[in-house]
Structure formats: C-alpha cells, structure tokens
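Colleague: To start, I am sharing the structure in question, which I have written as structure tokens.
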Amino acid sequence: MQAFFANPAVSWTLLTTGGILLVVIWVLLSLAFLLLADRKIWAGVQMRKGPNVVGPFGLLQSFADFFKFVLKEIVIPAGADKVVFILAPLISLILAFVGWAVVPFAPGWVVSNLNVGILYLLAMSSLGVYGIIMGGWASNSKYPFLGALRSAAQMVSYEVSIGLIIITVILLAGSMNLSTIVEKQSGWIWNWNVFGGGLNNLVLLPVMVVAMGMFYISALAETNRPPFDLPEAESELVAGYQVEYSSTPYLLFMVAEYSNIVLMCAMISVLFFGGWNPGFPTDFLSSWHPFAANLFLALVFYAKICFWFFMFAMAKAIVPRYRYDQLMRLGWKVFLPTSLVLVAAVAAWRVFGPAA
Amino acid sequence: MPVQAIAFYLLAFVTIAAGLLVVSARNPVHSVLFLITAFFSAAGLFVLLGAEFLAMLLVVVYVGAVAVLFLFVVMMLDVDFAELRQGFVQYLPFGGLIALVIAIEMVMVVAAVATNGAAAKNPLPNASPGGVPNTEAIGRVLYTDYVFFFQLAGLVLLVAMIGAIVLTLRHKPGVKRQDIGKQVARTPKTGMELVQIKPGEGISE
C-alpha cells in the first residue's frame with residue numbers, strides 16, 4: 001500500500017484531484033453566498049431588504065433556491081434538439097469551472113501552473129459562448145435563438161479588447177504564467193500593474209488605469225452582466241437563451257454565469273491588483289507557519305475578488321441597460337482602437353523606456 | 001508514461017471520430033459542433049507535444065472566434081440539404097477517384113518522411129529549443145527570420161478585411177443613423193426655438 005502511494009503517477013493524480021475538488025467546493029460555496037450578496041446589494045441600492053427569510057439575514061437563501069431548482073421537473077420543449085439542449089448547460093458549467101485551474105490563490109496554491117495560463121483563461125472564457133449558443137439554438141424557439149445570436153456577436157466583440165488589454169499586462173510582466181505575473185507585483189502597492197508595475201514605470205499609470213477600466217467594462221460584457229445583459233434582456237426577449245430552461249439545467253446555467261463572473265473578478269485582481277499581494281512587503285510572513293502564511297495571502301486574494309464582485313453588483317444596480325447598437329459601437333469603435341493604442345504605448349515604454 | 005499514452009489515444013480517437021461525424025452528420029449545426037470537438041481535441045494533442053502556446057492559439061482563434069461565426073452563419077442559413085444530396089450518386093465515382101489519389105499521395109509522403117526524411121533524422125522535435133518556453137521561441141523566429149512573411153500575411157488579412165467592408169458597406173439614402181457626437185453636442189440653442197405667436201394669425205412655415 002505504501003509503495004502504491006509512493007508511485008509518483010499515483011500521488012500526482014491524487015494530489016491534483018484533491019486540489020481540483022478543493023477549488024470546486026470553494027467556488028461553489030462562495031457562489032452560494034456571493035449570489036445572496038448580489039441580491040442584497042441590489043436590494044440595498046433600491047432601498048429594499050432583499051432575501052431575509054431563510055436562515056439568519058437570509059444567509060441560507062441560496063441553499064433553499066438550490067433545493068427548489070433541483071426538485072422541480074425538467075421540461076424539454078417539443079421539437080427541441082434533446083441532446084444539444086441538455087449538453088448546453090453542462091458545457092457552460094464545465095467551461096466556467098475549468099478556468100479556475102490556473103488561478104493562483106497563494107504561492108504554490110494552484111491546480112496547474114501552466115506556462116500560458118493567461119491564454120488558457122482567455123480561451124476558456126471565450127468558449128463560454130458555446131453553452132449559450134447551443135442552448136439558444138436547441139430550444140427551437142424564437143426568443144432563445146435571438147438571445148443566442150446576440151450573445152455570440154457580443155462575446156466575440158468584447159473578447160478582442162480583453163485580449164489586447166491582457167497583452168499590456170503580459171508586456172509588463174514579461175510572462176504569461178499567472179503565478180509569475182502575481183510575483184512581479186509583490187512588495188509595495190505601486191508595484192501593482194494598475195499603477196504601471198513599479199516606481200520606474202509610474203509613467204504608465206494613466207495607461208494602465210484606462211486598461212483596467214476597459215477590462216472591467218469588457219468583463220461585464222463578456223459575462224453578460226448588466227448593463228450588457230442583452231442576451232437575456234427580459235424586457236425584449238423574456239429571458240433570452242434560457243427561456244425554455246427549467247429546474248436543474250437552468251440552475252447549471254445560472255451557476256456557470258456566476259462562476260464566470262467570479263472568475264473575471266479573480267482575473268482583474270490577478271492582472272491589475274497584485275493577486276495575493278496585500279500591497280505591502282510580506283517579509284513578516286517568513287516567521288509564520290507556511291500554511292498560515294499561504295492562508296493569509298489567499299484571504300487577501302479572496303478579499304480582492306469580493307471587492308470586485310461588489311463592483312459588478314453595483315454596476316448591475318446603478319447602470320441602465322445599453323441598446324444593442326450602442327454596445328457594438330462601444331466595443332468596436334471605442335474599446336478596440338483605444339486598447340490598440342494602449343498596447344502600442346506599453347510596448348514602446350518597454351522597448352525605449354528606462355526599464356528596457 | 002502510460003498516462004500520456006492513454007491521453008494521446010483518447011484525443012486522437014476523438015479527433016478522428018469527430019472528423020468523420022462532421023461529414024456524416026445530417027444536421028449542419030451538428031456538423032459544426034463536431035468540427036469544434038475536433039479542433040478542441042487537436043489542441044489537446046498539441047499540449048501533449050509540449051506546444052502549449054499553439055494549443056491555446058488554436059482554441060482562442062479557431063474554436064473561440066472562427067467556429068463561433070461559422071456556427072452563427074450555419075444556424076441562420078436555411079439550407080435544404082436533401083436537395084444538395086440529389087446529385088450525390090452521379091458524382092460518387094469522380095469524387096472517389098480524387099479521394100483515392102489524395103489518400104495514396106498522403107501515404108507516400110508520410111512513408112518517405114518517416115523512413116529517410118526529417119522525421120527519421122530528428123525523431124522528436126524539441127518543443128522548447130534552447131530551454132526557452134515555446135511562446136518565446138516562436139516569437140523569436142516569427143519576428144526575426146520570418147518577419148517579412150509575417151508582415152505579408154498581415155497585409156493579406158488586411159486586404160481581405162478591407163475587401164469585405166467594401167463589398168458589404170452600403171449607405172442607403174433615407175436611412176436615419178444615430179450620430180452620437182451630434183447628439184452630445186446638441187444644446188438648447190440648437191435644439192429648440194422660442195416663437196411669439198400673435199393671436200389669430202398662427203405661424204407660417
């Protein structure tokens with residue numbers, strides 16, 4: 001038995017599986033409360049109380065909702081493409097969770113320390129559109145189909161600016177490995193990429209602040225959050241691509257959507273706000289137990305994710321919905337040229353600036 | 001490594017099966033979905049080779065963008081595939097002949113390369129030459145030795161893009177378009193007019 005576990009292939013498999021399980025459970029549990037937080041913040045802005053019946057302060061509301069979804073009947077509309085109809089929410093959910101594989105929570109706490117981690121994240125978030133298109137098409141109904149077409153065009157458009165903004169961060173860090181990107185931002189707060197990544201690069205501050213703002217707005221569009229929730233605009237398309245979905249498949253769509261949102265929050269934190277770095281040197285952690293030190297850093301990272309989730313929720317509460325042509329105009333005529341200029345500026349600074 | 005072997009055979013099988021299903025599926029949307037599966041498993045094969053940058057590019061560009069637009073178009077087209085299949089038997093011998101010739105050529109080329117070509121001399125191409133990650137290795141080759149070809153490819157794409165815009169852009173007269181700059185620049189002075197109307201006379205245009 002001892003020899004079996006000492007086998008590197010077996011121990012690697014067990015460790016990785018354990019890591020994946022930990023991350024998935026952590027994300028799911030966080031989602032349950034972030035979902036409640038979303039509704040509470042939204043309610044607070046509108047001077048309502050929000051869910052407050054199930055459990056103290058409504059803390060168990062998400063779990064009650066979960067059981068409600070799971071125990072209801074799955075309705076598959078007549079004329080729907082059954083296989084694709086069921087496959088769509090599953091694909092959405094899987095793609096929303098595989099992205100977490102490369103997110104570094106603390107030094108060494110990452111499921112897969114991929115060399116091209118940032119590209120992997122971009123790839124997985126761009127694949128998320130398939131769940132929506134397949135769901136919309138397989139429903140064999142007009143509103144879902146229109147919602148699916150809208151989301152296809154919207155997500156492809158905003159991926160372009162997200163990709164270009166990511167290039168500015170890659171240029172600053174000189175690496176596509178997310179752990180390396182975070183390590184480059186260690187030390188004082190001005191080492192964070194949003195401030196240009198170090199005092200030498202402080203000239204880049206206006207460039208990176210703009211890049212961060214555009215990344216945040218593009219992330220809203222990429223995750224179909226208000227004000228860009230046109231694929232499910234309830235005043236025009238009832239609920240867009242998910243009109244025909246009920247019970248568990250609908251639940252999967254919703255969990256996938258929120259997982260993507262939290263993943264985007266994690267991405268903003270990693271790329272621009274130093275990931276697990278608290279903004280001051282962490283030398284004092286060397287006297288701590290390594291596990292406690294990592295836990296502290298992971299909590300710092302988690303706090304940043306929660307802050308960005310709060311920003312997402314506030315955008316939902318405050319900003320009115322965009323019209324579709326305005327959305328496309330913003331993506332192609334404003335964000336694309338601006339992000340190209342940002343990439344050129346950062347590249348020029350890296351080649352001709354003092355840090356070169 | 002047995003794990004890698006299992007992964008390779010799984011991915012290779014899925015790629016080939018998906019490829020076959022692309023051409024044999026009755027529903028064109030299913031065909032595109034199988035095509036996406038094939039792209040995706042091919043990206044997995046790249047990862048197994050150690051070429052993770054190419055794998056991610058394949059997923060981002062082909063699966064994430066090209067295939068989405070493909071799916072977009074196929075879903076909206078209402079093609080009658082029964083009608084398209086009508087001439088199938090008529091063209092079968094000719095198509096079969098072409099397929100046979102291509103298959104023989106491919107077998108011969110692969111055999112030649114494997115026995116005395118590049119593959120025999122250099123059995124395992126190095127995914128990260130000189131110890132640098134293959135992203136950097138590709139970048140160095142692309143922007144130094146092949147920079148003109150790279151620029152040329154960019155130009156070809158630019159021409160294609162401009163061509164598509166020129167072919168489809170039409171300014172119909174009489175269509176009202178929103179000009180955001182004009183809207184924002186609107187002031188009370190330009191937007192409204194105060195008129196004193198004399199009773200019993202009204203306004204003449």
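Backbone N, Cα and C atoms are what each Cβ position is placed from, and that goes for glycine too.
As annotated by Swiss-Prot, transmembrane segment applies to A:17-37, A:51-71, A:83-103, A:116-136, A:162-182, A:202-222, A:261-281, A:295-315, A:334-354.
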Colleague: So what's near the transmembrane segment (A:83-103) in sequence-distant terms, Cβ-Cβ under 8 Å and 6+ beyond its ends?
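Modeller: Apart from its flanks, the transmembrane segment (A:83-103) reaches 20, 23-24, 27, 76, 110-114, 117-118, 120-121, 124-125, 127-128, 130-132, 134-135, 137-139, 178, 244-245, 249-250, 252-253, 255-257, 259-260, 263, 266-267, 270.
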Colleague: Going through A:116-136, A:162-182, A:202-222, A:261-281, A:334-354 one by one, which has the most CB pairs that fall under 8 Å from the transmembrane segment (A:295-315)?
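Modeller: Looking at each of A:116-136, A:162-182, A:202-222, A:261-281, A:334-354 in turn, the most contacts to the transmembrane segment (A:295-315) are made by A:261-281.
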Colleague: Between the transmembrane segment (A:51-71) and the transmembrane segment (A:116-136), are there three or more C-beta pairs closer than 8 Å, counting only pairs 6 or more apart along the chain?
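Modeller: They do not touch: fewer than three Cβ pairs between the two stretches lie under 8 Å.
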Colleague: Determine whether the transmembrane segment (A:334-354) and the transmembrane segment (A:17-37) share at least three Cβ pairs under 8 Å, counting only pairs 6 or more apart in sequence.
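Modeller: They do not touch: fewer than three Cβ pairs between the two stretches lie under 8 Å.
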Colleague: Using a cut-off of under 8 Å between C-beta atoms, tell me which stretch among A:17-37, A:116-136, A:202-222, A:261-281 contacts the transmembrane segment (A:162-182) the most.
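Modeller: The stretch with the most contacts is A:116-136.
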Colleague: Take the transmembrane segment (A:17-37) and find every residue of the same chain, 6 or more past its ends, with a Cβ under 8 Å from one of its Cβ atoms.
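Modeller: That would be 51, 58-59, 61-63, 66, 97, 100-101, 103, 105, 111, 255, 258-259, 262, 302, 306, 309-310, 313.
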